[in-house]
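The structure appears right after this line, and notes come after that.
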Amino acid sequence: NRKTYFFFTAPPSCGSPNKKENTTFSGSDFSVGASIIYDCPVGHLLQGSSIRECGTTGFWSGTPPTCKYVDCGPLKAPANGNLRFDENRTSYGAVAMYSCDKNYTISGHANRTCGDDGKWSGEEPECLFDWCPAPPEVSGAKVETTGRKAGSIATYSCMPGFILTGHSVLSCGYGGEWSGKIPTCKYVDCGSPPQIQNGRFRLLNGTTTAESMVEYDCDEDYWLSREDNIQICTRDGKWSGSTPSCECEFYSCSIFVLVITCETPEDPSGGYVATESNKVHSTIEYHCDPGHILHGDQTSVCGRDGEWSGDIPECEYVDCGKLPPLLNGAITYVDGSTHLGSEITYSCVRNYRLAPTNNNGARGEEVNPKRYCQENRQWSGISPRCEEIRCSEPAVPAHAILSVTGNDRAYGRTLIRTAENAKTPSTQTYRIGAIVKFRCERGYKIVGDALGTCEDTGLWSVQVPQCVYVDCGSPEHIENGNFTLASNATYYGAVALYECVENYQVDGHARRLCLENGTWSSDPPVCKGLLFHQIDEDLLEPNLVVTEITCAEPDTDSTMTAKVSSHSVNGVATYSCNLGGILEGNATRICMKKGIWSGKMPSCTLIDCQHPGLIEDGRVIVMNGTTTYGSLVEYHCVPKYERIGTYLRRCMENGQWSGEAPQCQLAVSAPAEEEPQTLALTIGICAGVVFLLIIILGLIYIRLRKATPVKNTENIEGAERKEDRNAAVMSYATLSDGSNGANIYENIIENDELGSNGPTYDRTYERTYDSPYDDGTLGRQGNGNTNSFYETVPKANGNAMVTINGVAVR
């Protein structure tokens, strides 16, 4: 008997697993026992098992899952309220917004979002009645309310003579009811206070009801038996404490035989006296003139001995003096004086605001703009400073790109930040007028204002927007054709390109965009029938289809033009760049049988001549901060050096700078080093010349002493004319050729027309200059200096000014 044996060997790998549309998987190990995990893009929900394993049979377990586009389904509007959906959809990322009818307030989440799990966030809210009636009236009381909606309060207070019992505040709650117990006001009257002998009383409030006060006083030469001379009407209707009495100070109070008077008081220096009588017990007051301070008692009483009590006070003049000027601001002396009580106010120039001097104040903290001269000869408070109003760097929302274009002279560049690199706090600030622009990443649309400016409040003119994800889903399929996703995505901004099978032509829009409302632009195209002659052998006559294949206008942008020989099949579109551009890509495209142009649209990039390089003993200045086509560079030499060659070069169409770079050579007028052997001879000659000049000046002096002095006015007019010629001041920022308002460098004369040397700018550096350009632009290669660099934007340096060819430029 023959026996047959079968041997099976486990396969080493299951191979690459299959996957459905829009699904992805992680894992690159396809051997037996390995597993992979499937995942879906944002806005899709996985249907099926997310894990598959490679079995010993060489096949993956289970079936590949699918990705279903998330839709959370409809919601129900709350009672006494309304519900609406943002963009009228319930798919992933959609927002449901609840609102309540009049006199109802929402309780719970006003907005709910459709999540990636297919569920709405939060719980369904309710609409609660939130309007209370007028608060109840209370006899003898008045009530003040902050409103009648839920959360408002009603505050009761009793009228004069009434005492409040209970809580004085009620609050309006949900359901339309006032919480708490209603208070009451009880009327209380203590009646007229008792009379006292040799005295009198005075009602301070003019009433005898609750909390009224009465003050007792005695007749002349009588004194109260206690210091407390005031009684209060209490809640139980009685005057507080016991009634005081008046007692006589002398052994006899019945007869006065003499009227005592004091002499007329003396005015203090720098002050005056206010008095009504000089009789005994009368009181006078001392006052000082403006700017003086009183030292001593302000009042004095005429005693029975005929003398005024105390010493005559003194009035001392107090002056705080003027303060140093305020940088970028002004100090105003209100009444033109600096003595005691005088007031000054601070103000700042445009685009500046007052700030604490110590720099510890928070941004936007208010500073008192007024100060007063005090008794200690010091101005009250501290002197503020004027700081420039600047805006801090805006926050970067998730999935957004922020660009801020500053307008500082030294930092006039554009900053670009994303949510990732903006995690590190920034101390960068921007001047008024700086521009902020928000953009969203692919697949996201911006909600809010995308463009804003820094205002004079130190705040940006716009709130930080949000970036919301948008997905249009898979576009519709068409008969006899198909589509491709240019970026293999269906989110906002994605492109779907349609094409027909051979012998069919696209009728409609072959290119559709995913719009911000979550739908594809336009309707899907259709593929129309035979595009060439087809002859049926069984027919006597050929069946002719006369639809002609044509291509639309080829795609272009503002940097190029396209010349089309024909829009029919095999027609050629030839691309060319505008002046100063370089074409990248194929310059020609052919109209194909499908009615579309072959290949892709080329692009044009601006010619860049790059930095021309440094020159020895000189500076290179890029005039408009760029080295692209049409840009200009200027050459200047350091002090005591002359330029040999052109002073201005332009970036040409061939990517090269016009002309040759100039050179800086030591000026002929520069003093050479003295030879050691001629030094003594030179000193001797100078000494002889000085001695001769002294003799000549002495003779002239003796002669002039005898001559009549005459005023010399001959050169005044000429000097004024010379001064006027050198007084021109202008800025490159406003330099115009007068033709169309363009910058003068747009119509600049070429080097050959100016001559080889051009204007002699270098004479500027013969003086000690204060250049607005960074010293890093100076290259001295011949001296081994390799640390030079190029700075395109001048550094801010106050009112720094240089003179170029006799013209002062700020």
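Any Cβ shown, glycine's included, is placed from N, Cα and C.
Taken from TrEMBL as is:
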DISULFID  CYS40-CYS67  disulfide bond
DISULFID  CYS100-CYS127  disulfide bond
DISULFID  CYS158-CYS185  disulfide bond
DISULFID  CYS190-CYS233  disulfide bond
DISULFID  CYS288-CYS315  disulfide bond
DISULFID  CYS440-CYS467  disulfide bond
DISULFID  CYS500-CYS527  disulfide bond
DISULFID  CYS577-CYS604  disulfide bond
DISULFID  CYS637-CYS664  disulfide bond
DOMAIN    12-69  domain 'Sushi'
DOMAIN    70-129  domain 'Sushi'
DOMAIN    130-187  domain 'Sushi'
DOMAIN    188-248  domain 'Sushi'
DOMAIN    260-317  domain 'Sushi'
DOMAIN    318-388  domain 'Sushi'
DOMAIN    389-469  domain 'Sushi'
DOMAIN    470-529  domain 'Sushi'
DOMAIN    549-606  domain 'Sushi'
DOMAIN    607-666  domain 'Sushi'
TRANSMEM  679-702  transmembrane segment
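Known features from TrEMBL, placed on the structure.
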residue	record	Cβ within 10 Å
CYS40	disulfide bond	21
CYS67	disulfide bond	21
CYS127	disulfide bond	21
CYS158	disulfide bond	23
CYS185	disulfide bond	21
CYS190	disulfide bond	22
CYS233	disulfide bond	25
CYS500	disulfide bond	24
CYS577	disulfide bond	19
CYS664	disulfide bond	24
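Per Cα geometry, CYS440 is the residue among the disulfide-bonded residues CYS40, CYS67, CYS315, CYS440 nearest to CYS604 (disulfide bond). Across the domain 'Sushi' (389-469), DSSP classifies residues as 0 helix, 37 strand, 44 coil. Other C-beta atoms found within 10 angstroms of the C-beta of CYS604 (disulfide bond) number 21, with every protein chain shown included. Summarised as a single figure, the pLDDT of the domain 'Sushi' (260-317) averages 88.
Put simply, CYS185 is the one of the disulfide-bonded residues CYS67, CYS100, CYS185, CYS440, CYS664 whose Cα lies nearest to the Cα of CYS315 (disulfide bond). Annotation for CYS440 (disulfide bond): same-chain Cβ neighbours under 8 Å, separated by at least 6 residues, are HIS399, ALA400, ILE401, ILE446, CYS467. The Cα of CYS527 (disulfide bond) lies closest to that of CYS40, out of the disulfide-bonded residues CYS40, CYS100, CYS288, CYS664. When DSSP labels each residue, the domain 'Sushi' (188-248) comes out as 0 helix, 24 strand, 37 coil, counted as helix, strand and coil in that order. Among the disulfide-bonded residues CYS67, CYS190, CYS288, CYS577, the residue whose Cα lies closest in space to that of CYS158 (disulfide bond) is CYS190. According to DSSP, CYS40 (disulfide bond) sits in a coil region rather than a helix or strand.
Taking the Cα of CYS67 (disulfide bond) as the reference point, the closest of the disulfide-bonded residues CYS288, CYS500, CYS577 is CYS500. The Cβ of CYS288 (disulfide bond) lies under 8 Å from the Cβ of PRO268, GLY270, GLY271, LEU294, CYS315, each of which sits 6+ residues away along the same chain. Three or more CB pairs closer than 8 A are found between the domain 'Sushi' (12-69) and the domain 'Sushi' (470-529), so contact between the two stretches is assigned (pairs 6 or more residues apart). Distance noted between the C-alpha atoms of CYS637 (disulfide bond) and CYS190 (disulfide bond) is 101 Å.
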